[in-house]
Amino acid sequence: MFSRTASKFRNTRRLLSTISSQIPGTRTSKLPNGLTIATEYIPNTSSATVGIFVDAGSRAENVKNNGTAHFLEHLAFKGTQNRSQQGIELEIENIGSHLNAYTSRENTVYYAKSLQEDIPKAVDILSDILTKSVLDNSAIERERDVIIRESEEVDKMYDEVVFDHLHEITYKDQPLGRTILGPIKNIKSITRTDLKDYITKNYKGDRMVLAGAGAVDHEKLVQYAQKYFGHVPKSESPVPLGSPRGPLPVFCRGERFIKENTLPTTHIAIALEGVSWSAPDYFVALATQAIVGNWDRAIGTGTNSPSPLAVAASQNGSLANSYMSFSTSYADSGLWGMYIVTDSNEHNVQLIVNEILKEWKRIKSGKISDAEVNRAKAQLKAALLLSLDGSTAIVEDIGRQVVTTGKRLSPEEVFEQVDKITKDDIIMWANYRLQNKPVSMVALGNTSTVPNVSYIEEKLNQ
């Protein structure tokens, strides 16, 4: 499988060069209120996606109003000063557009996909739902029940639960440690005043990016932005996009064992401090993650895999159900590590943790081959191309990059960064990030045999 992947994308630079010659790249402009417009024109298409990215998510909340950004997302389509809920739905259907939104720890995003001639209408609607929502009390109460049910569903998703707890202990008493939905007590108590205060504080022009991709004319989108978003106020003390807005997050050593002995599996997340979106070693972190890789028993690969960890997992079929290496980045911090699902017995849990630590130590010791490094780089480039499939995916990439780093690297620029990575870079990165550094860990399920953080640190540092 890996050789086929490497072969398939051996000529990615030639392919990317062809694509780049046809696409003019990302253009940016800025309104007087600080709002950034960023676009990428895609030839030979008649549709486009436009999205408004706000540099504010659950990270912009406090303990008392945690969950407000997500609550606002639910209310965005429930009526504005200019349109009723039915009116919004009818208008979207009449132009055949698709409207959606999501909230993350750092961003609030609303986007619409439409035909080229309907871009002005799409921008108008995005502005309306973002800046002029009515926030009707009856709608608030209805959505409160919906969000409570959503929270209950999330609690059944073990990976979500584990990673929420991982953030909470790793960023203890810090904004990044808060969940996106917020605690149930907040969901039950958030008021219209809380919602309006969040908008007033965070919805500022200099904290917004209007991104467009597809059959979109940059100059025209700038005009639409001025018409529909020009009224958005500017921050009293604007901070450039990609610059810190507060104290840098502190990575905290810690562990949490959530005992659920009735579960047939144990879920474990082990993390060390990773890298931010704009860190110089961002792509090295991803390449190191790719070398560690992922494995799933259900897929049945591994015995012929070039990954020693995958081979160990597959040769002992009960060692783990699956594992997934991760490199999660934020504007000024990150988490790098492994998520494991295994049967709840002492033998399996101890073995899989030891095998993972063995793999990390192998990378630190330099016992990786040039072939592994080249394979990891090929996988990164392949993943990039596959992730930019369609105007919506490109808008997501543009918006995320500009909001978090202040600029957008083109795919070709990313390829250049990845191609520069050497085996020595990865070894140096692993020795800096994985040696004598604090570890955080969360385990869910039958946790009685899960090694603690002290054990992991001791083994990793040997």
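Cβ atoms are placed via backbone N, Cα and C, with glycine included.
According to Swiss-Prot, the feature transit peptide maps to 1-20.
The Zn(2+) binding site annotation in Swiss-Prot covers His70, His74, Glu150 and is backed by experimental evidence. A helical conformation is recorded for His70 (Zn(2+) binding site) in the three-state DSSP classification.
The active site, proton acceptor annotation in Swiss-Prot covers Glu73.
In sequence order, Gly406 are the residues of the chain that are 6 or more apart from Ser243 (phosphoserine) and have a CB within less than 8 Å of its CB. DSSP assigns Ser243 (phosphoserine) to coil, not to a helix or a strand. Taken from Swiss-Prot, the feature phosphoserine applies to Ser243, supported by a large-scale study or a structure entry.
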Highest Cβ count within 10 Å among the binding-site residues His70, His74: which residue is it?
His70
Glu73 (active site, proton acceptor) CB neighbourhood, other CB atoms within 10 A:
21
Under 8 Å Cβ to Cβ from Glu150 (Zn(2+) binding site), same chain, six or more residues apart: give me those in sequence order, or none if nothing qualifies.
Leu181
